[in-house]
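Engineer: From TrEMBL, for reference:
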{"type": "BINDING", "residues": "His17", "note": "heme b binding site"}
{"type": "BINDING", "residues": "Asp67, Thr70, Asp75", "note": "Ca(2+) binding site"}
{"type": "DISULFID", "residues": "Cys24-Cys51", "note": "disulfide bond"}
{"type": "DOMAIN", "residues": "1-149", "note": "domain 'Plant heme peroxidase family profile'"}
{"type": "DOMAIN", "residues": "145-213", "note": "domain 'Plant heme peroxidase family profile'"}
{"type": "DOMAIN", "residues": "214-346", "note": "domain 'Plant heme peroxidase family profile'"}
Amino acid sequence: MTVTITHQSTYIIVGAHSVGRVHCVNLVHRLYPTIDPTLDPDYALYLKNRCPSPNPDPNAVLYSRNDRETPMVVDNMYYKNIMAHKGLLVIDDELASDPRTAPFVAKMAADNGYFHEQFSRGVRLLSETNPLTDPDYALYLKNRCPSPNPDPNAVLYSRNDRETPMVVDNMYYKNIMAHKGLLVIDDELASDPRTAPFVAKMAADNGYFHEQFSRGVRLLSETNPLTGAHSVGRVHCVNLVHRLYPTIDPTLDPDYALYLKNRCPSPNPDPNAVLYSRNDRETPMVVDNMYYKNIMAHKGLLVIDDELASDPRTAPFVAKMAADNGYFHEQFSRGVRLLSETNPLT
């Protein structure tokens, strides 16, 4: 099967500019000798303060973050910024001003839930394309996968790591530095200047890899319960209507979908009106395991809720949380404690 990266997929993936930074050497042409008139004037002055010279030292760490509001959070602030003429790169301004892409940018800026849904799809599609690999390794892969149209029922594959395939070690990082990664994201991780130093450090030190990997596994396993915070709070209709109009999302419980349509009667809700549905109708002001009971009954408000309950990797966890409120409280408190030990943005 051929996987095609569409124009829309490209527009979605640039949302990764929500995090990261751009070095001054790639910015100064918009600031000197005159300021690019497409930039917000106040933002341009901020950028000139970050990049005070038209000839920055290429070896100096002079940069501006892509997003000053939520710099370490993957959200739709990138699209909000470029609509306000606060994009760092020329492509940012063009994406927001081109009539072919401006409506898409506006939709992403207006709905963070929609952004997350589309961004995850774009990343998944990107991971399914054909990566650039070492020529000898490419021949090996063609030997493993001799047909462009493999039988979907046949067990044809290549291991991520040929050297130590059954060992959790840092060979993955060594491989992607040698252009022997299977997926596009592998090559990008090794070549992107924002992540390449981390890859090099992981590849050079197996002990460091194990230390970081164990922390990552612990963080992943213990922050999953934090989605239980959806036991309280509410979701505004602007973030719900795509599941109700023009047709109802088939993953929603039909009766619950009718309730939601009563709460959100228009496919185009007024963004300034307080139109919403509570995450939990049963115990809306109590932090308990009703969130998990609800999503098992197909009564989650967000797409991620349904995916959490249906994905075989997370469904057993959801079932356990739904079955035992004491277990939920124990796990939720651990997750909150772990989150508090990270570096919060304040």
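Here the Cβ of each residue, glycine as well, is placed from N, Cα and C on the backbone.
Keep in mind that this is a model prediction, so the values were computed, not measured.
Are these features on the surface or tucked inside, and what are their neighbours?
Structural biologist: The Cβ of His17 (heme b binding site) lies under 8 Å from the Cβ of Asn66, Asp67, Tyr78, Gly87, Leu88, Leu89, Asp92, each of these being in the same chain and 6 or more residues away along the sequence.
Contacts of Cys51 (disulfide bond) defined by a Cβ separation under 8 A and a same-chain sequence distance of 6+ are given as Cys24, Leu27, Val28, Leu31, Leu62, Ser64, in order along the sequence.
Using DSSP to sort the residues of the domain 'Plant heme peroxidase family profile' (214-346) gives these counts of helix, strand and coil: 74 helix, 6 strand, 53 coil.
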Engineer: Inside 10 Å of the Cβ of Thr70 (Ca(2+) binding site), count up the other Cβ atoms and send me the figure.
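Structural biologist: By my count, 15.
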Engineer: For the domain 'Plant heme peroxidase family profile' (145-213), what does DSSP give as the number of helix, strand and coil residues?
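Structural biologist: In the domain 'Plant heme peroxidase family profile' (145-213), the DSSP-based counts are 32 helix, 0 strand, 37 coil.
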Engineer: Averaging the per-residue pLDDT over the domain 'Plant heme peroxidase family profile' (214-346), what integer do you get?
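Structural biologist: Per the prediction, mean pLDDT sits at 83 for the domain 'Plant heme peroxidase family profile' (214-346).
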Engineer: Of all the binding-site residues given, Asp67, Asp75, which has the fewest Cβ neighbours within 10 Å once its own Cβ is left out?
Structural biologist: Asp75
